[in-house]
Each structure stands twice: as structure tokens, then as C-alpha cells.
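This report refers to the structure that appears directly beneath it.
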Amino acid sequence: CRIQQLGNHVDPGTPTGRKSPEISTTSPLVNGEKSKLWDQIGGQGALASPMRREIGNRSLMRSFSVDDVDLEDVEASKDRDRPSHFLRLPNIQNQSLLSGLAYCIASCSMILVNKFVLSGYGFNAGIFLMLYQNIVSVTIVSTLSLSGVISTEPLTWKLIKVWLPVNIIFVGMLITSMFSLKYINVAMLTILKNVANVLTASGETYFFKKQHDRQVWISLMLMIISAIAGGVTDLSFHAVGYTWQILNCFLTASYSLTLRHVMDSAKESTRSGNLNELSMVLLNNVLSLPLGVILVLGFNEVEYLLETPLLRMPTFWLVITASGVLGLAISFTSMWFLRQTSATTYSLVGSLNKIPLSIAGILLFKVRTSMENSISIMFGLLAGVFFARAKLRENSQS
């Protein structure tokens, strides 16, 4: 799960081990949704922000992710389930600052690189891009696991059967995030992913009878207002992109709510009785490979891949390989950052990180914008910060 992405994190978002979770969604911007996924996996509540995701899971990811999980509402605490083994880092002074900087760079870079591949290069095979990024993640995590650097749960048929429904939603989340990112600018995508938080909160209340306080609902209403205002004033509005993003928000919320439902069963299906975040990264990405191949064939991307000159350019392969590495880097850096700081710091940094990301997306891709649209985007970003603070306050009171 390449923890997710541009998003809201779901952002923290969302990413990005999600203890018998109340999962967060913040969406990872594509594989930015990966960023989101860490929030979803690690959080104690079901809300977070997604770009990864993406994510993420592919993360958590992309997030993918991703994002997304963007990581926006990490309601995680430092005493949650964590991998029993992690990369042994050297004794570096000021690791809090270093880990925070690494996390911000990884989550922003993931989204911007994916946008560059899809819009800059004009690459029209988003499913293949997701598939290749997952292959990169599986290769790296498997290598680290076999060498003893990290610890992951073995994949058993029992675990796979329990996790398969979650993985299908995860793949759909990553693909729709890819498709929407191709048509929507980074700043607007970040704002639109906030809608996933609203859907997740509503799902928690309806399905799990979870009550949220007034400040949380106010922040969610501000997110909806900013998304509508941003769409109305978006000079580069694209109906296809917005349609894919709305579908992505529903899938992101479904992923968080479904993950919460199956997490206990998944833990019981492992040998250790636990399922850490790196194991979920490996599990999500391995299971996504056969499904990704089927979708590449079903969407007839093979014909395009055989004809495009991009696959004959070494620099293009270098860029998409880097995007896969960045998706996985979101998972590692988010775990490292959370270990060095607190859930409060992690959540607020994830929300504030969307501000330079949005500015960079507008400047690097020369997005046409207006004063009204810029105000709507800033309003949505501040609503995300307000949401993160409201969730932290709600969790501390409970």
C-alpha cells in the first residue's frame, strides 16, 4: 500500500500498524494516495486526508497515494501497533527536523512526479503506471524483508482471502486518483480530496454510530464550501477529471470504512496476530499486481504501450521508477517522523504541507488561476488545518 498521496489525507491525509482501527482517510494524492494510507492505517479514528494514496498503504499510498493517502488527519498515537523491526537508523542529531523534512519532501514529490508523468509527458496509461509503481514497491520491500532489515508477515491464503475485498477498493482508489490527476491541477485536487473526509465521517456515524463534535462538522462543512467554490472558479475545469475525483472520494471513504471492518479478521489470519504497516504495504501491492494486469488488458492500454515512444526513453523509465520509490518512501518517512515527534505535530505538518504543495503545483505546471479560485484553494487548505486540530481535540477529550 503505498501510502497516499495528494489528498487529504486523508492526507493525516492521509500515510504512509491502521491498531484495530478507527481508520483515517486523507487522501493520497495519487500515489499521492499513498500518503493517505498511512493516516488510514495508523490512525485511531476513521478520518484523515487522502492524496497517499494516494495512500497509501501505497501509501500508504499514493499513496498513491496518494495519499494519498496526502496525510492529513493522523489520529494516531505513538503507542499504536508498529512494526517490530524497522530500518536501523544511525544516531543522527535533530532527527525530528530531519524526519519531518524527509516526510514533506517525499509526500510532495510523489504527487508532483505523478502529475509530471501524466500531464508533462502526456502518458496515457495510468493503470500501467500504477502497476509499475507497485512492482517497484514489492521489489524493494521483499528485498529488505529477505535481507532481515525489516520484518513483514508471510502472505498466507487465509490472509489473502480476508484482505482481497479491501485490495480491490484500494486498486480502484489508486486508479481513479491517477485518472483525476491527469486532468485536474494539483491545488484543486488537494481541495477536492477533502470531500473524502466528509464521506468517511458520515459513514462512521451511519455504520459505526460514532459521534463527532461540532468543530469537526464545521470544518467538514468548510471543506465542502471550498471544494464547490474552487470548482466553480476553476479556469481549467475538466468534467472528466472531476468525475474521476468524485469517484475517488467515494472509494477512499469505502477503503477506510472497509479496512476498519476487516482489520481484526486480518490480524487473526497472521501468524503473529498482528499486521504492521509494512506488511500491509507488501500485501496490498502484491495482490494488486494480477488485478492491475487484468485492468491494463481490459482498458486496452497494451496497444498504447506498444506504440508510445515514451517507453523507449531511458529518462522516462528513470522518472516512473523514482515515482515508485517515492511512493514507498512516504511509508518509511511517515513512520520515522511519527516515531520522532507526536501525533499532534505529525497531523499539523501533514495539513500545512499541502500549502507549499499547492503553490508548487500551480507554479511548476503554469496553472491558469484567478483571485477567486486562489482564495477558494487557500480557504480549503486552512479548513484542512482546522479539521486536523478539531480531530486531535476530539480524540484528546474522548
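A Cβ is built for glycine as well, from the same backbone N, Cα and C atoms used for every other residue.
According to TrEMBL, the features are:
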REGION    1-29  region 'Disordered'
TRANSMEM  97-117  transmembrane segment
DOMAIN    103-386  domain 'Sugar phosphate transporter'
TRANSMEM  129-150  transmembrane segment
TRANSMEM  162-184  transmembrane segment
TRANSMEM  216-233  transmembrane segment
TRANSMEM  239-257  transmembrane segment
TRANSMEM  278-297  transmembrane segment
TRANSMEM  317-338  transmembrane segment
TRANSMEM  345-367  transmembrane segment
TRANSMEM  373-392  transmembrane segment
The transmembrane segment (97-117) vs the transmembrane segment (373-392): 3 or more CB pairs under 8 Å: no
Distal contacts, the transmembrane segment (216-233) - CB-CB under 8 A, six or more residues away: 47, 188, 191-192, 194-195, 197-198, 201, 242, 370, 372-373, 376-377, 379-380, 383-384, 386-387, 390-391, 394
